[in-house]
Amino acid sequence: MINIRKSHPLMKIVNNAFIDLPAPSNISSWWNFGSLLGICLILQILTGLFLAMHYTSDTSTAFSSVTHICRDVNYGWIIRYMHANGASMFFICLYMHVGRGLYYGSYTFLETWNIGVILLLTVMATAFMGYVLPWGQMSFWGATVITNLLSAIPYIGTELVEWIWGGFSVDKATLTRFFAFHFILPFVITALALVHLLFLHETGSNNPTGIPSDADKIPFHPYYTIKDVLGALVLMLVLLLLVLFSPDLLGDPDNYTPANPLNTPPHIKPEWYFLFAYAILRSIPNKLGGVLALIASILILQLMPLLHTSKQRSMMFRPISQCLFWLLAADLLTLTWIGGQPVEHPYVVIGQLASILYFSIILVLMPVAGVIENKMLKW
């Protein structure tokens with residue numbers, strides 16, 4: 001009799017995706033982040049669901065309802081901080097996952113990569129809207145500043161902003177719709193993640209060498225299931241250390257002050273995971289130019305397959321490209337630091353130089369390095 005795992009219509013899908021899936025024998029811990037992102041997503045949906053049971057999306061009670069969750073709801077504080085810091089872990093895993101894709105040339109799986117970029121944008125939109133919900137000072141002013149960027153669009157900008165706000169300023173209508181979108185988008189992300197997996201399983205995983213591994217495959221279970229469990233334990237350890245010892249480490253103290261449209265905080269800044277993009281936005285003095293640079297900083301990922309000039313897929317055997325990759329990583333950390341600093345000398349100049357370097361590395365230096373490495377290898 002055939003194994004039920006291989007014959008049952010539902011079990012068969014799970015089996016082909018997580019049990020009997022042929023996987024390369026040499027994939028490193030950098031391949032753990034996909035499963036960690038799945039765990040983060042499930043954690044965020046569950047904690048978010050319990051938060052939504054007690055949260056009210058009205059401007060007069062939103063801030064109080066979050067305080068009520070932390071003070072009066074059984075274990076509400078841990079649910080709230082798991083959700084807030086879970087978002088930080090989500091983005092750490094996301095950026096590591098994207099970095100892995102860039103380093104090992106995984107972007108040559110076009111459909112998987114493109115769905116991945118759409119996923120990144122959707123997660124960023126969801127996180128932004130979630131940050132508005134507690135209705136603190138930084139929630140309100142962050143929402144005002146970021147939505148206002150759309151007014152830079154010629155002709156329709158102002159109407160578009162007022163349409164998104166549902167009025168002439170960020171108010172009740174804005175908060176209610178942001179809550180609605182923040183609730184629905186994680187399920188859209190889940191669907192997109194399944195499509196992402198679907199396309200990945202059409203081709204199979206890449207590996208650190210970038211060389212096809214069809215000749216040497218091993219079953220996903222038990223080899224990579226146990227490896228993913230180890231990754232999940234490390235993720236949960238870091239998350240719990242954050243939540244239980246310094247839950248507000250990555251947050252902004254201004255968000256413990258209720259939103260006040262009449263009082264602007266001295267430094268408006270988003271959560272830490274958006275600071276690099278915020279720094280790029282601020283580095284251009286023109287509003288429309290800044291908005292375009294902001295969009296380009298993420299959408300540039302879609303160009304990666306077109307900018308690949310090397311005859312090798314991975315950077316494993318390409319020292320010049322490796323140096324440029326780590327320079328890019330350092331540049332992103334610099335931009336993250338600058339995004340959290342006030343707009344004054346020398347931060348403005350550092351931000352502008354870091355922004356120029358960011359686009360130069362991706363658009364110019366990396367493709368040139370690929371050509372040089374081909375020549376060095378007499379290809």
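Heads up, the Cβ atoms here are built off N, Cα and C, so glycines get one too.
As given in Swiss-Prot:
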type	residues	note
BINDING	His83, His182	heme b b562 binding site
BINDING	His97, His196	heme b b566 binding site
BINDING	His201	ubiquinone binding site
TRANSMEM	33-53	transmembrane segment
TRANSMEM	77-98	transmembrane segment
TRANSMEM	113-133	transmembrane segment
TRANSMEM	178-198	transmembrane segment
TRANSMEM	226-246	transmembrane segment
TRANSMEM	288-308	transmembrane segment
TRANSMEM	320-340	transmembrane segment
TRANSMEM	347-367	transmembrane segment
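Shown on the structure are the features that Swiss-Prot records.
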residue : record                   : Cβ contacts under 8 Å, 6 or more apart
His83   : heme b b562 binding site : Gln44, Thr47, Gly48, Leu51
His97   : heme b b566 binding site : Phe33, Gly34, Leu37
His182  : heme b b562 binding site : Gly48, Thr126, Met129, Gly130, Leu133
His196  : heme b b566 binding site : Thr112, Ile115, Gly116, Leu119
His201  : ubiquinone binding site  : Asn16, Ala17, Leu21
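Ranked by number of Cβ pairs under 8 Å to the transmembrane segment (113-133), the listed stretches 33-53, 77-98, 226-246, 288-308 are led by 288-308. Proximity of the transmembrane segment (226-246) to the transmembrane segment (33-53) is established through 3 or more Cβ-Cβ distances under 8 Å for residue pairs spaced 6 or more apart. Stretch with the largest number of CB pairs closer than 8 A to the transmembrane segment (33-53), among 77-98, 178-198, 288-308, 347-367: 77-98. Proximity of distant same-chain residues to the transmembrane segment (77-98), defined by a Cβ-Cβ separation under 8 Å and at least 6 residues beyond the stretch ends, is recorded for 30, 33-34, 36-37, 40-41, 43-44, 47-48, 50-51, 66, 69-71, 116, 120, 123, 127, 130, 235, 238-239, 242-243, 247, 250-251, 271-273, 301. Under DSSP, His196 (heme b b566 binding site) is assigned to a helix (H, G or I) in the three-state scheme.
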